[in-house]
Each structure stands twice: as C-alpha cells, then as structure tokens.
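A quick write-up on the structure given underneath.
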C-alpha cells in the first residue's frame, strides 16, 4: 500500500489559502472534514476531498493544513491504515490517546498570533463549528467560512455529483406511509411551537418519504434536502428522477392533494436561498427546527432567535425504533444473509487448503452468494476480508497490492453485509482453516465472552448503550487487553449500515436510551499488530426481557440476535467458558440450526446445510 505523494497538492492548496480569488482575506489554516454537505459518514466520490488531498480514504478523519504543517486526526479503527496511506508530509494524530492534542489545541499551538482558520461552511457540522470557534476565539484566532471549497479549486478531475434513479418502498417494507410519517412529525413540531423543520441527513429524507436511491455507494440514499412545514412540504432534489411515473405516483405529485400533503419540488442547490426566504416571514415566536449536526451554512441561514437546534431529530429517533414490518424485514434479510455465508464458509473450507483463495476472491465469492438471494440490492459496505496481519487493520479493504492468500496457518476475519429491499445486514466472523495457536484461541475466547455478555445482558428500560460497553471488554481487561473501537452501532432498515442515535461505545456522547425495536450491533474484537485480528459481530434487536421482579414497574430489556451464523468452535478454549456461556452458545447454535437449516433445505443447498450442522455441534466444558 504505497502512500500517495501529496507535496504538489499541498503546495497548490496553500497557494489557494493566500489567493484573493479564493478567499476574501488570506487564511493561515484550512480544515477538511470527512463528510459531505449532509454530514454523511459514507460519501460519494465527488465529496472525497480529504482522501484526494491526503491519500487516506478511511470513513472517519479530519485534515488540517497550515503553511508549515499537515495533520490528520482519526480514530483507532484507522491508525494502521492512515499510517500506510499517507506520505511523510503528514502527521498522524491518533484520537483517543492521552498524548494526542485536540484539533483546536493543536491549532492554537502552531498558529501565529491573530490567525484566520478557514473551512467550507456547507461541510462543517454546526456543533463542530461552535466548539472550534470558541477555542480559537479565546486564543485570539478566528474561524471563518470559505464559501468556495478550496479542494475543489485544485481538484481538476473531480467527479460529477451522482443523480441516479429512485426506488419506492411499499407498506410491506415500511409499515407506515410517508403521509403518516409527516403527520407524526407535525404533531411533534406542534408540541414545541415549531413551524418549519429542516431535514439535511440523507437517510432521514429517504426514510421519511419511503424512497431509496443509490447516489452513495452501499448506502441507499439520494442527494436532497427537505423542509417540512405545518402546512407545506418542500423537497430539494435535482434531475428528472422525481418525474419517473412510479415516483410521481408514490409521492402523489399528480393528484389534487390537500395543500398540507402537496410536495413542492425545488432545485437541490436552492436550499439556502429558500430557507432564508421562509425565515424572513417568521413572526417573533416562531421557531425552525434543525439538527446541530446540520452544516453551519444551513444553521446560519436561520436567524438565531428563530433557530431551535437539537442533537437528534425526531426523524432520527423514529427511524431507529423499527416497527413490526421493518423488524420482520430485518429478520428475513438476516436469514438470507446467513444462507449466503453458510455457502461461503463451506466453500472456503474446501478451497483454502488448495492454496488459491485470496482476500479479494473470498470477498467476491461472498458477494456472489449474496446476489443469489431474493431482493438483494447491494453490499452495505466494502467487504473487510483480511487474513493474518491484515486482520489487525480494523477497517482493512483488500487491494491488489496488499492481497494475501488465505492459508491453514493464519486467522481469517471477514466483516461484510448486504442491502436487501427488506433489510440491512452487518456480520463479522473470525475463522481458522488449520489449527489455531493457544494464544489465538485465548484471545478469541475473551472476545466471545464479551460478545455473549452484551447479547445476554438484561438491563432496565432507559439504559443508554455506553453503559453496556464494559460488558464487552471485561474479559479482555482482566488480561490487560482491549480494542480501539466502539462495541456497537445502530443499523438502518434498508438504509445506512451505521445510524444513530443509539450505540454501544465507551465514548460518552449523547446517545439515546435503548428501547424495544432499536437494532444495534454487538461486535467486540482484539487486534494484534502484525499478526491477526479477531472480531465477532451480530446484529441484535432490543426486545422486552422477562424478569422475576419489576422494580418500580420500569421494565427490562435484552437483545435478540438477528444474525444467525455459526461461531467457529475450533477457535474457542471451551474450558475458559462458564457453563452459562456454553449454554448461550449452544442455544444460539440450535437457533441457527432450526432457522437457517430450514431455509437451506428450502433452497436446496445441501452441502451448506451439512456444513451448518457440523459447525453447530454442542460444546461442553471438561469438569
């Protein structure tokens, strides 16, 4: 993985920072966040500005360029990847480590007095802007909006913004019509005297209107904004895709609807001008709702006295709690996904000993088996197919230069998922096709114990996900080990594979309490640099728990695994498990047999069925 040579790009960018045609006044630093104008985690090629400038293409990271320095902040998932992809012009800032300065503190330490720090106001989230501006201002510096993105100025072959056809989803998939969703949203707006609600997150717009797209690879979303009023709906979207007969019928565009459900379609780039026009007509007490994750440009288009910011929008919270149709769809999707993976692992067991399977060919085979399943649309993220030392790169994606051959001597980790019309999947399994070492088994067993501890947890209603994070780490901590990523994230229903507002992470952030119907992942891991990676990941559904007592009548919750793929018992030090942990695994494997075995039979996949039965034999400790 040769690093990208960035000297000339940095020279051009620094020149733009001083050029009066690009900035009103020279700036001494320029910030390049990861996201797009919608603060998306996964972005279209035209928005990969940070990757273009630095070579680092992980999904999380912020680049800051000054006249003399170029620094990159990223989290523990990407330390190894960033170090390999960036050349020596760059300094890697490892977020979460005690000696790593924050972006603000670093800027204060390196900037000359009275410096101006620039950033594209359409890309930077409002909450980030406020935090950065406050620290810089206190040190005598200024954070300033640069309306023409400077990276775009030097990116001569920047791709066009995608504008692909839309897909409509019926009630069998969504459970609720878009009109009902708008009505529910308006009730929440009325409760707080909100007259307009600005929707900027792409997955929230897709969910609200029961539409899907493919403008961003692996994420079924489309570039758009929406403004919902108490009596008006405005959808900002480009291209003629809204005129497709199925879409027009779905959105009722040709019907003489009552005005409150009539959708006004406007150009995508007119969002700021239209928002300013709406705000000009507000009476003194009227408020406009917007997420504090929305761009600073959108937030600033709303006068401060009328602006009502929130960390999570009502759409974000409603989307996270799956209704019965969405939950049923997610179950169907995970059954199909398990069938594909049983086929894959059976194939790998046969082919790896022959010596011809690589990380890339294994990932391709996983996609091939998934494509055979009904309603398959796309992968849900690039497959992480990694063997041996590549497994220690947490978000590794194989490329020809790094592509290793799977062998009988190394641990193999595959983290993969799919988008089906009825749901989104995300599953990780770690396997050995030969004989694992005692240390590999020991580490795998610690990870498994953590996985079981979360999955089997019973906790009071109202518990936030970060309180469960230590459950996953306890066995690792006992031996002085740990992992540098969160334990779980929310999962969309045929939407983004990562979604808020819930999750399981050691980071203290304003996550919403877990409630029945939410879907998250359970994915502890352990990574030995230069040797191997281990992760066990299931998607789980939050469900009510049956308990002996009910303190203060508050109720309890637990998790139901939706992922039903065998966990390789060869990798387990069974005697290190408790009886309760053995019982959990045996029960889980029995469910795999009952549910996935039946589907494999229905689809006539006999060899994969035989593999499933072999891999789900009960285990027991030697007493």
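Cβ coordinates come from backbone N, Cα and C, glycine included.
The structure displayed is predicted, hence computed values, not measured ones.
In the record from Swiss-Prot, residues 426, 537 bind Mn(2+) 1; the candidate from 409, 415 listed for the same site is 415. For the Mn(2+) 2 site, Swiss-Prot lists 426, 523, 537; matching the candidates 466, 489, 589 against that entry yields 489. Same-site candidate for peptide binding, as annotated by Swiss-Prot with 77, 489, 498, 523, chosen from 218, 395, 623: 395. Taking the Cβ of residue 489 (peptide binding site) as centre and 10 Å as the limit, one finds 23 other Cβ atoms among all the protein chains shown. Considering only the binding-site residues 426, 489, 523, residue 304 (N6-acetyllysine) has 489 as its nearest partner by CA-CA distance. Summarising the environment of residue 304 (N6-acetyllysine), the number of other Cβ atoms within 10 Å of its Cβ, over all protein chains shown, is 7. DSSP assigns residue 77 (peptide binding site) to a helical segment in the three-state reduction.
The binding-site residues near residue 415 (Mn(2+) 1 binding site), taking a 10 angstroms Cα-Cα threshold over the set 77, 395, 489, 498, are 395.
Compute the center of the Cβ atoms of 77, 395, 489, 498, 523, which mark the site for peptide; besides them, the chain residues with Cβ within 8 Å of that center are 394, 485, 486, 521.
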